């Protein structure tokens, strides 16, 4: 369900089985509503001088719904809790004491309220503007020159925004410059105590992203939708219903992806234009369907590339730990089966399943299909002090528990800080290019944290934080490392 929503409807990752059903159901509901409106608009042939008002209404509704869905979380629990608190105020007071210790639920409810109010205004404005642009016949009268201009502009803006600027901000740009070219004001500080200053290139990055997300790609997709609908009204390829269904799915998926995270859209767009307009023009159906299929293909090819990098790095003989004679035998035994391993990686990329080394060797087995949030169990931190611990337990407990308790306080503070600043830092490009499922390691002198991005939306981020605390005891026979895992969402 998660893969269906991500690949065909442009959704992001989900947090559970209920969230998956909810995401797919709302996407199908939106597609059914759009299909009913669009079918009435294209069932009769058009002329280039007149676009039906119903189709212009369809374009406005499509952009508004895609924008609204990109702003909503896949987890329905927050929205349901907000509705319960509004409709049944007594329900709120029943769990008031339990929720008082955690400020996150109240912040999320306030955020949902603000998002709904903002979407009510923005969606109305977006629908009116999309209706006006679509009804002006500018897309049909200026083809194909308008399409060429939009292709070139989207490719250039995407290249500068998502490749040049992130490379200039890296520690080693293009792996041949020793220092970043675009440096933050705090770059030479060993310990930063104040809020990071907003630099000019961060402002430029945000403005370029806004221009790309809210102007370029909506105009590009509306242009393709208008041309496709004009062709469908005069010539049916697979039948009216199937043609409309494919057009709606492609348009909604591309719009939602552009609103949520357009980092790799310029690569998909450039390949689509070059491949289907210059190399293999005969096999092209329409630009919208070509762009839709290439986005799915490149998603799977990116997964395959990551698996290839992992396997080639893991099986390198100079990097393996030869723990036993079995590893030596497995290394030699796996060489004739390299082709089979390659096809195994292709299959795991198609079905989004991980590859697991067998007993730490170079033999890989295919695991079961996992969602982006592959940690289902929650190791939530719980502070232990005199108020919630028996005296006998305090006397007999392990002395190391004090350190673990202090670590849990640190990770809880880090979680609260990330809840406030992570989404803004991602938008400003301070974490580089990112996508759903990416993992980051935050390291300090003594403590480490593992941040896993789950859902990437338009103005929202769902993440998991796991603390990786390493403590060593120097004893007679060596060192013993303890690695407690702490989790906050």
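Cβ coordinates come from backbone N, Cα and C, glycine included.
Taken straight from TrEMBL:
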type: TRANSMEM; residues: 20-39; note: transmembrane segment
type: TRANSMEM; residues: 51-70; note: transmembrane segment
type: TRANSMEM; residues: 115-133; note: transmembrane segment
type: TRANSMEM; residues: 145-165; note: transmembrane segment
type: TRANSMEM; residues: 214-232; note: transmembrane segment
type: TRANSMEM; residues: 244-267; note: transmembrane segment
type: TRANSMEM; residues: 341-369; note: transmembrane segment
Sequence-remote partners of the transmembrane segment (20-39) [C-beta within less than 8 Å, at least six residues beyond its ends]: 1-2, 4-5, 9, 11, 14, 54-55, 57-58, 61-62, 65, 69, 74-76, 229, 240-241, 244-245, 247-249, 252, 371
Criterion met for the transmembrane segment (244-267) and the transmembrane segment (115-133) (at least three Cβ pairs under 8 Å): no
For the transmembrane segment (115-133), sequence-distant contacts whose Cβ falls under 8 Å of one of its Cβ atoms, 6 or more beyond its ends: 56-57, 59-65, 67-68, 71-72, 218-219, 222, 459
